[in-house]
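> Just dropping this structure here.
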Amino acid sequence: MTAGTNGPSREQKYDRQLRLWQAHGQKALENTSILVVHANATATETLKNLVLPGIGSFTLVDGKVVDGADAGSNFFLEGSDIGRSRAQAAAALLAELNPDVRARAVVADVEKALTVSPELVTQHNIVVASSLPQHILLPLAKLCAAENIPLIVVRAYGFVGHLRIQAVEHCIVESHPDTINDLRLDCPFPELLAYANSFDFHALDNMTYAHIPYVVILLRCLEEWKSKNNGALPTTSPEKTAFRQMVTSLKREGVEDENFEEALKGVFRALQPTKIDSKVASILEEARTKPITAETNNFWILAKAVAEFVDSENGKLPLAGVVPDMKSDTESFVKLQTIFRDKAHKDVAKVHAIASNLSVGATGPSLEETARFCKNARNLVLIRTSTIESEYAEPYAGTMADMPENNVQYYLALRGVDAFYEEHKRYPGYHAEEVESDIGLLKKSCTAVVTKMGLKNVAVSDDIIHEMVRAGASELHTMASFMGGVCSQEAIKLITGQYTVLNNTFVYDGMRSVGAAHTF
Amino acid sequence: MTSFPLPDRNRDAALALGPDKWRSAVAKKLLMVGAGGIGCELLKDLVMAGFADIEIIDLDTIDVSNLNRQFLFQKQHVKKSKAHVAKESALRFNPNVNIVSHHNSIFEDQYDVAWFKSFDLVLNALDNIPARRHVNMMCRAANRPLIESGTAGYLGQVSVHLKHTQCFDCEPKPTPKTFPVCTIRSTPSTPIHCIVWSKSYLFNLLFGKDEDESAMSSSADDDAQEIADLKREAEELRNIKNNSQSPDFAKLVFEKIFTRDIERLLTMSEMWSSREPPKPLDFKKLHSEMKKMKPLPTGVDRNMKVWSLVENFHVFTESIKPLAQRLNEGQAKDSEFSMSFDKDDDEALDFVTAVTNLRAHMYGIELQSRFKVKEMAGNIIPAISTTNAIIAGLMVLQAFKILNNQYDDCKNTFLVHGGQRTQLICGEVPPAPAKECGTCQAGYFTLTVDTAQFTLSDLVDSVLTKDLGVDGEITINESGRMIYDPDFDDNGPETFENLKITDGKRILVLVDNDEDESKNHSINFFVIHKAGVTPYELDGDKKIPPRHKAKAPEAKRLLDDEVEVSNKKSKGDGETVEVLDDDVIIL
Ligand SMILES: [Zn+2]
């Protein structure tokens with residue numbers, strides 16, 4: 001019961017994060033094995049943030065040996081590591097952070113390792129690659145896309161941060177909207193309506209009257225309105241005003257009216273017809289025609305089951321079963337909660353039965369998973385990022401006008417740096433004596449990138465070219481740590497399937513403290 | 001680990017920033033307040049950036065639940081000082097930096113204005129509002145820049161507080177939530193009411209100093225008779241507490257709080273005319289049911305599953321024993337010994353969970369898992385390493401700007417969820433100070449006097465009136481006690497020493513001028529005692545900004561369609577999240 005004798009339990013150690021992503025999120029994390037390409041500072045900082053919360057295992061691939069600059073910019077390499085394998089030295093220090101995590105170092109030239117043994121990639125669930133030259137990155141990205149393994153490309157270059165997520169298909173059940181609103185006041189289910197009708201407003205004493213839940217007040221008013229208006233809800237502005245007056249007219253003289261004020265505040269929401277959001281509808285549409293095979297993941301099985309449920313339930317999704325806090329006496333509130341919960345349970349049972357029938361071979365989604373899916377059905381998110389291959393296709397079909405000018409320039413400058421590397425087999429400004437000559441060369445590379453992409457009215461300014469050359473491929477630890485934080489944060493969202501991940505590019509201008517996102 | 005310093009250890013940092021800017025920045029002396037989640041990241045980032053002169057202060061010791069993110073700490077460090085261990089761990093990675101650690105409270109008098117002045121920049125990585133406000137005030141007094149930080153789950157923020165920008169106090173902070181006494185004591189209706197009762201009332205009465213009233217507020221609405229009854233009930237419980245060595249202690253407490261007190265409450269029929277009355281519990285009945293009970297689940301389930309009534313009864317009787325024993329053992333050594341609720345104390349949490357649920361059961365309130373009770377009782381905000389890493393990185397980026405005097409380039413930065421808000425990181429120029437802020441729109445002075453000689457009249461006549469030229473009605477406070485106002489000048493001839501205004505104390509002077517608002521001022525004096533000083537030495541900026549009266553809060557508007565829509569729109573990029581580091585204690 002108490003800590004100490006057998007060391008801290010995982011539960012104690014992970015207490016805080018369990019409150020964020022719950023036990024099923026932790027399980028997903030512990031079942032994940034990640035491949036990290038390059039043991040530079042950005043990559044090791046990323047790994048640190050995944051090892052601490054207990055990712056299942058990691059493989060770190062790097063063929064280089066530690067030099068002085070590595071030890072200076074990488075917290076997970078020490079002076080005494082100079083001359084050792086970067087992958088081994090960093091993996092050892094990272095493994096020390098958490099004995100629950102299995103660590104593996106692959107000491108090999110990255111390009112060779114990836115071409116010779118693609119299973120190095122495919123035996124992992126997620127890949128993080130930092131500062132990979134283009135000719136290695138593109139085949140890796142292609143492989144990940146083909147295998148539907150999420151890939152995060154991350155880099156800290158001087159004061160610039162860049163992150164790109166490639167997830168061919170990422171399904172999010174728990175997108176965590178600010179609130180879940182599913183009260184069905186416009187189309188109450190029979191149990192809810194019966195409960196609302198059980199209140200005899202005239203007979204209630206003042207105290208009870210002040211505690212009628214606002215949901216009941218609105219339901220009764222809506223029923224009355226509908227009976228006078230051929231079943232239609234108030235839609236126009238004058239109708240809404242008249243409806244509000246109807247609610248107000250029920251206030252009792254001299255009786256506390258907090259519940260009526262809540263009802264008036266709730267009118268706007270109550271009059272929004274319960275319908276399926278177009279994004280969710282298109283997910284269900286896709287699920288309807290999707291054949292279920294042994295490989296189909298539970299998201300699609302459940303989506304298909306919910307689609308069938310919707311068809312059999314007059315176009316209504318399973319009830320979320322959540323009642324917001326409101327002015328009420330405990331008894332009525334608990335009763336209301338029970339009515340919503342019971343109906344939600346019924347809906348879950350139906351969906352679960354359909355899903356079990358749909359599942360091929362294996363047992364299919366558990367009741368718990370089904371319940372989670374139903375509760376979040378109105379907030380499902382499906383992300384299909386473009387491929388990195390298409391980002392490099394020429395010309396680029398879109399614009400980048402949604403990003404601040406400087407961030408666009410930094411993105412292009414990084415592309416220019418990569419093109420420079422492909423041509424000269426070194427990074428601009430890496431050797432102090434070549435700084436001056438590299439400025440002109442990088443400028444040429446950047447211009448070539450802009451031209452090939454076919455971007456109009458964009459050029460990388462001389463200031464930014466100078467800045468990039470001056471940075472000399474340096475990895476500022478602060479930026480590496482920051483970008484490692486961003487990268488691991490997105491990795492956790494991808495792994496747990498909770499919260500919406502970035503789609504798909506993030507560029508941070510550390511000089512001006514301006515971040516920007518763009519969808520390629 | 002011995003070959004430092006590497007010739008090119010900071011090559012990358014110097015390259016990226018430019019060698020001159022880098023050198024001038026890292027030569028500065030920094031104070032880091034807090035060595036928790038953000039603090040560990042921050043210290044690592046600072047040391048790696050090349051900063052070599054850092055002081056850390058933290059009052060806390062290391063807990064197991066810190067280990068999932070506070071990576072400078074390991075299992076063997078549990079219960080040790082965060083500040084000391086953080087220093088040791090950072091030195092392992094770079095022994096050539098000078099780190100001074102203080103395992104102490106930042107509120108201590110020794111951390112005075114002069115001490116704050118010895119730093120070029122202060123970085124807050126704190127978990128509570130009072131400490132953050134205190135550091136903010138000291139930074140204003142010492143005229144030092146401050147970088148503030150906070151995280152909650154995936155959200156976080158970094159703000160920069162300079163002389164010409166908002167201070168931490170400019171934006172009003174949410175006041176701690178309190179509940180009416182009668183709701184907590186007689187008519188709970190939600191789980192949190194039961195939790196407050198268990199941890200703030202019962203736990204403190206039985207094992208602590210006494211009832212913790214901070215979470216409860218009395219109001220005129222509360223029935224005077226009821227309050228008197230509640231006082232008597234508490235007195236009875238104190239008597240039972242004296243029997244804590246009795247083998248029947250659990251039964252005595254149980255029958256008092258779950259049977260007799262509830263039966264008394266039921267006699268107040270008025271109270272239950274519109275409420276479902278509670279149902280008292282029966283010790284004997286539960287005790288016999290307990291004998292047939294299956295063993296309580298272990299491991300994760302024990303924490304996550306909601307216990308049944310009899311299981312709660314079982315945990316109640318099991319946890320009260322060791323708590324009582326600890327109290328008795330403690331008091332045997334020190335008669336003043338007492339315990340306070342600690343969410344990380346397993347037995348205390350078991351007790352509070354069981355009591356919460358037994359009480360909830362009587363009132364027909366939903367029972368809670370131990371995991372959930374811990375979260376609510378401990379006001380836990382989830383903390384993870386990813387967010388801390390992002391926030392600490394952003395702090396150091398701002399630090400470089402401040403230390404190179406690039407004040408116009410500073411930004412307040414916010415980490416948002418993604419999803420609808422795709423930017424992840426949003427920045428804004430630090431806003432101008434709020435005119436009515438009592439902290440930054442104020443004068444700050446150090447006043448060196450011989451406290452045995454210097455009188456309150458000397459302060460009023462010589463310092464305030466002659467030297468600073470204030471013109472208006474003067475009110476003087478020290479540590480919340482009023483020692484002088486226009487209608488109370490009896491203390492005038494008294495020396496500081498007699499008034500207990502000693503070395504290290506802070507005096508707050510308010511000047512009110514009805515005719516000319518620009519002559520209203522808040523003036524702080526930090527007193528330094530030096531024997532023989534005549535008459536006084538005053539150090540500080542004599543140009544004191546006027547203190548504007550706080551604006552009346554805007555009338556609450558009813559939400560209508562239009563407002564609802566516009567509210568949604570405003571939830572855009574600049575949205576601020578007021579969040580704190582790690583475990584937060586507000587209720
Ligand atoms: Zn202020």
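Each residue, glycine too, has its Cβ placed from N, Cα and C.
According to TrEMBL, the active site, glycyl thioester intermediate annotation covers B:Cys182. Summarising the annotation, TrEMBL assigns ATP binding site to B:34-39, B:Asp58, B:66-69, B:Lys82, B:105-106, B:127-132. According to TrEMBL, the Zn(2+) binding site annotation covers B:Cys167, B:Cys170, B:Cys437, B:Cys440. The compositional bias 'Basic and acidic residues' annotation in TrEMBL covers B:551-574. Here TrEMBL flags B:18-423 as domain 'THIF-type NAD/FAD binding fold'. The feature domain 'Ubiquitin-activating enzyme SCCH' is assigned by TrEMBL to B:318-374. According to TrEMBL, the domain 'Ubiquitin/SUMO-activating enzyme ubiquitin-like' annotation covers B:447-530.
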> So around the Zn(2+) site, B:Cys167, B:Cys170, B:Cys437, B:Cys440 aside, which residues have their CB within 8 A of the centroid of those CB atoms?
B:Asn136, B:Arg140, B:His161, B:Gln166, B:Phe168, B:Asp169, B:Pro433, B:Ala434, B:Thr439, B:Gln441
> Of the binding-site residues B:Asp58, B:Asn128, B:Cys170, which sits closest to the residue listed as 'active site, glycyl thioester intermediate' by Cα distance?
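Out of the listed candidates, the nearest Cα belongs to B:Asn128.
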> Per DSSP, what is the helix/strand/coil residue tally across the domain 'Ubiquitin/SUMO-activating enzyme ubiquitin-like' (B:447-530)?
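Secondary-structure breakdown of the domain 'Ubiquitin/SUMO-activating enzyme ubiquitin-like' (B:447-530): 15 helix, 33 strand, 36 coil.
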> List which of the binding-site residues B:Asn68, B:Ser105, B:Asn128 have a Cβ under 8 Å from any Cβ of chain A, in sequence order, or say none.
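From B:Asn68, B:Ser105, B:Asn128, the ones near chain A are B:Asn68.
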> Using CB atoms and a 10 A radius, I'd like the single residue among the binding-site residues B:Asn68, B:Ser105 with the highest neighbour count.
B:Asn68
> Can you give me the Cα-Cα distance between B:Asn128 (ATP binding site) and B:Cys170 (Zn(2+) binding site) in Å, rounded to a whole number?
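Spelling it out, the Cα of B:Asn128 (ATP binding site) and the Cα of B:Cys170 (Zn(2+) binding site) are 17 Å apart.
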> Using DSSP reduced to three states, classify B:Ala131 (ATP binding site) as helix, strand or coil.
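Once the DSSP labels are grouped into three classes, B:Ala131 (ATP binding site) ends up as helix.
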> Where B:Cys440 (Zn(2+) binding site) and B:Ser105 (ATP binding site) are concerned, what is their Cα separation in Å, rounded?
23
> Going by Cα-Cα distance, which of the binding-site residues (B:Gly34, B:Gly37, B:Asn68, B:Ser105, B:Ala131) sits nearest to B:Cys170 (Zn(2+) binding site)?
B:Ala131
> Give me the mean pLDDT over the domain 'Ubiquitin-activating enzyme SCCH' (B:318-374), rounded to a whole number.
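The average pLDDT of the model in the domain 'Ubiquitin-activating enzyme SCCH' (B:318-374) works out to 93.
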> Should we count any of the binding-site residues B:Asp58, B:Ser105, B:Cys167, B:Cys170, B:Cys437, B:Cys440 as near ligand 1, judged by a CB under 6 A from one of its atoms, and which?
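Only B:Cys167, B:Cys170, B:Cys437, B:Cys440 qualify.
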> Which number gives the other C-beta atoms within 10 angstroms of the C-beta of B:Gly37 (ATP binding site), all protein chains shown included?
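Here the count is 29.
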> What is the separation, in Å, between the Cα atoms of B:Asp58 (ATP binding site) and B:Cys437 (Zn(2+) binding site)?
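Rounded to a whole number, the Cα-Cα distance is 28 Å.
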> Would you count the other CB atoms within 10 A of the CB of B:Cys167 (Zn(2+) binding site), including those on all shown protein chains?
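A count of 24.
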> Please report the distance from the Cα of B:Gly37 (ATP binding site) to the Cα of B:Cys437 (Zn(2+) binding site), rounded to the nearest angstrom.
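If we compare the Cα positions of B:Gly37 (ATP binding site) and B:Cys437 (Zn(2+) binding site), the gap is 30 Å.
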> Take the domain 'Ubiquitin-activating enzyme SCCH' (B:318-374) and count its residues per DSSP category (helix H/G/I, strand E/B, coil), listing them in that order.
38 helix, 0 strand, 19 coil
> Which whole-number value in Å describes the distance between the Cα atoms of B:Gly34 (ATP binding site) and B:Cys167 (Zn(2+) binding site)?
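Approximately 19 Å lies between the Cα of B:Gly34 (ATP binding site) and that of B:Cys167 (Zn(2+) binding site).
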> Cα-Cα separation of B:Ala131 (ATP binding site) and B:Cys167 (Zn(2+) binding site), in Å?
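Distance (Cα to Cα, whole Å): 14 Å.
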> Other Cβ atoms within 10 Å is the metric here; tell me which of the binding-site residues B:Asp58, B:Asn128, B:Ala131, B:Cys170 scores highest.
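Ranked by Cβ atoms within 10 Å, first place goes to B:Asp58.
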